[in-house]
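Some notes on the structure that comes next.
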Amino acid sequence: MLRRSGSKQSITLKEYGCWGRLRRSPNFILFTVFLALFVDMATYGIIVPIIPFIVSDKISGGATDTGLLLAMYAIGILLSSPLFGILGDAFVSRRIPMLIGLVGMLISTVLFMVASNFYVFLAARLLQGVAGGSVWTLGLALITDVFPAEVLGVQMGKALIGYTLGLVMGPPLGGMLYEHGGYQAPFIFIGIVTLIDFGCRALIIEEREEIVKALKLQGKQSEAIEEKAEVVAARKKERMEERTSFWKLLKNRRLVGCVIITACNAFVFSGAEPTVPLHLAKTFDLTSERIGLVFMAFSLPTLTAPISGALSDKLGAKVVCFVSLLLCGAGVIATGIFQNSLTMIILLFTIVGITGTAILTPILGELSAVVRTTGSGDGFARAYAMFNMAFSIGILVGPVICGIVYERHGFRAITCVMAGTLFIATPVVLLWIGGAEQKKQDLTKYKEYEAFRRPEILRSKYSLEFSMSGVSASTEECGLVGFGGEKAQALSQPVSRDDILKSASMD
């Protein structure tokens with residue numbers, strides 16, 4: 001039922017049944033964004049262990065070409081993010097521009113399979129970045145559309161698990177598929193999971209889009225145009241407010257420190273991607289599958305992030321970040337010293353992976369603390385957008401510089417460059433990142449801080465009501481969020497979407 005505020009007038013919507021209620025479910029939307037982040041990062045990582053073989057076999061290039069190829073992904077994200085922000089304003093539905101971005105991923109996959117020219121490979125990698133820009137710009141915004149502020153942080157965390165899984169599984173999976181299935185196997189896999197992702201995005205039913213469609217079906221064209229215009233105007237207003245809030249947040253030294261450290265960290269880890277596979281293949285004659293397994297020493301330690309987060313809560317971000325930077329830098333230098341020992345390289349990669357994760361985990365907490373304590377209650381998206389921009393700049397510069405240094409001076413030289421970058425960040429930590437005393441002050445302010453609420457700028461004058469009367473299927477079968485236990489006693493009464501969303505969870 002579609003009901004207009006302050007009016008008894010209502011419109012009956014199309015009966016979708018259990019399948020339709022699942023498509024409307026916030027949990028289905030959350031799963032779709034989770035899958036999108038997984039596909040994005042798996043696509044990013046799956047190519048890492050096979051890029052040296054692509055560059056050497058297909059285009060007869062070197063480390064510099066490898067670095068440029070990897071850096072094009074970051075360029076795609078940086079260029080496409082503002083574009084998708086504008087497209088997100090122009091459409092009532094978030095999923096339509098997200099589908100446009102995914103078309104870029106499919107074209108990229110085909111180009112990788114058939115390309116033999118270096119510039120075609122660059123275009124394919126650029127399109128991968130464009131697809132990633134659509135996910136980070138619109139996917140997380142879609143979650144904020146369907147979940148209330150009280151549970152938004154938890155739901156964002158669940159979606160970001162897809163990012164971690166893709167990052168961990170990408171390199172070893174790419175190496176294994178390339179080794180056992182040939183050159184095209186990794187890209188066939190990417191194409192399959194991209195099509196699954198495309199199907200999930202296409203199935204989403206968004207509330208504001210559904211309202212516009214319902215009004216058009218009832219012949220209320222003027223009301224539908226008015227509803228669409230309100231959505232577009234509200235989103236443009238929100239984007240303009242975000243630009244202003246960026247400057248407000250950038251005045252905070254803690255946030256600037258977080259941005260610098262993030263860029264340095266991304267520089268180091270992305271700089272390893274074009275150079276380490278070349279060194280492993282050249283020095284130890286490793287196959288792409290084994291190179292992917294070696295990279296797991298980098299990726300698997302990211303699962304220890306909760307430990308560094310807990311230490312940061314007790315000791316403050318400054319101590320954890322400072323110690324981690326020193327240990328990570330020392331591990332990188334030691335990797336250069338023991339460059340001819342595969343056992344030592346794997347051991348040191350594990351240490352670098354653990355300490356590298358321990359650098360970023362407190363930084364994410366610092367970003368949250370800055371937003372909460374500056375009173376910018378709706379600034380979380382902007383703070384994490386800055387984090388993503390800093391990360392993108394790091395992965396743009398890192399592969400290019402490290403690729404050039406490796407080609408001219410060797411593996412030991414790039415370990416010195418990467419370690420130096422980490423050591424340069426240590427004064428920033430000491431001067432600008434909060435310590436244990438700052439953590440206590442933050443906690444005091446948290447008690448005064450109400451759960452952050454987004455401005456109700458996306459609220460329609462129409463409301464959707466759901467009734468289960470006359471439906472024989474159980475609530476579990478229908479996949480409805482928020483129905484169960486005591487709430488199931490009132491199934492014959494209309495239930496507002498807000499009531500459903502307030503109890504939203506993902507079991």
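Cβ atoms here come from the backbone N, Cα and C positions, even for glycine.
What TrEMBL records for 29-437 is domain 'Major facilitator superfamily (MFS) profile'. TrEMBL lists 28-55, 67-87, 99-120, 126-147, 159-178, 184-204, 255-272, 292-312, 319-338, 344-364, 385-406, 412-433 with the feature transmembrane segment.
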Outside the transmembrane segment (385-406), at least 6 residues beyond either end, the same-chain residues with a Cβ under 8 Å of its Cβ set are 62-71, 73-75, 77-78, 81, 136, 242, 246, 249-250, 255, 258-260, 262-275, 278-279, 363-364, 367, 413-414, 417-418
Tertiary contacts of the transmembrane segment (28-55), as residues 6+ beyond its ends and Cβ separation under 8 Å: 22, 61-62, 65-66, 69-70, 73, 98, 105, 112, 121, 125, 128, 131-132, 135-136, 139-140, 142-143, 146-147, 155, 158-167, 169-175, 177-178, 183, 186, 189-190, 193-194, 196-197, 200-201, 203-204, 273-274, 277-278, 281, 288-289, 291-292, 295, 299, 479, 506
Relative to the transmembrane segment (184-204), the stretch among 67-87, 99-120, 126-147, 255-272, 412-433 with the most Cβ pairs under 8 Å is 99-120
What stretch, picked from 67-87, 319-338, 344-364, has the most CB pairs under 8 A with the transmembrane segment (412-433)? 319-338
For the transmembrane segment (159-178), which stretch among 99-120, 126-147, 255-272 has the most Cβ pairs under 8 A? 126-147
What residues elsewhere in the chain lie close to the transmembrane segment (344-364), defined as a C-beta under 8 angstroms and at least 6 residues from its ends? 258, 261-262, 265, 268-269, 280, 294-295, 297-302, 304-305, 307-309, 311-312, 317, 320-321, 324-325, 327-328, 331-332, 334-335, 338, 387, 433
Given the transmembrane segment (255-272), its same-chain partners at Cβ distance under 8 Å and 6+ residues beyond its ends are 70-71, 74, 249, 298, 321, 325, 328, 332, 356, 359-360, 363, 366-367, 370, 383, 386-387, 389-395, 397-399, 401-402, 414, 417-418, 421-422, 424-425, 428-429, 431-433
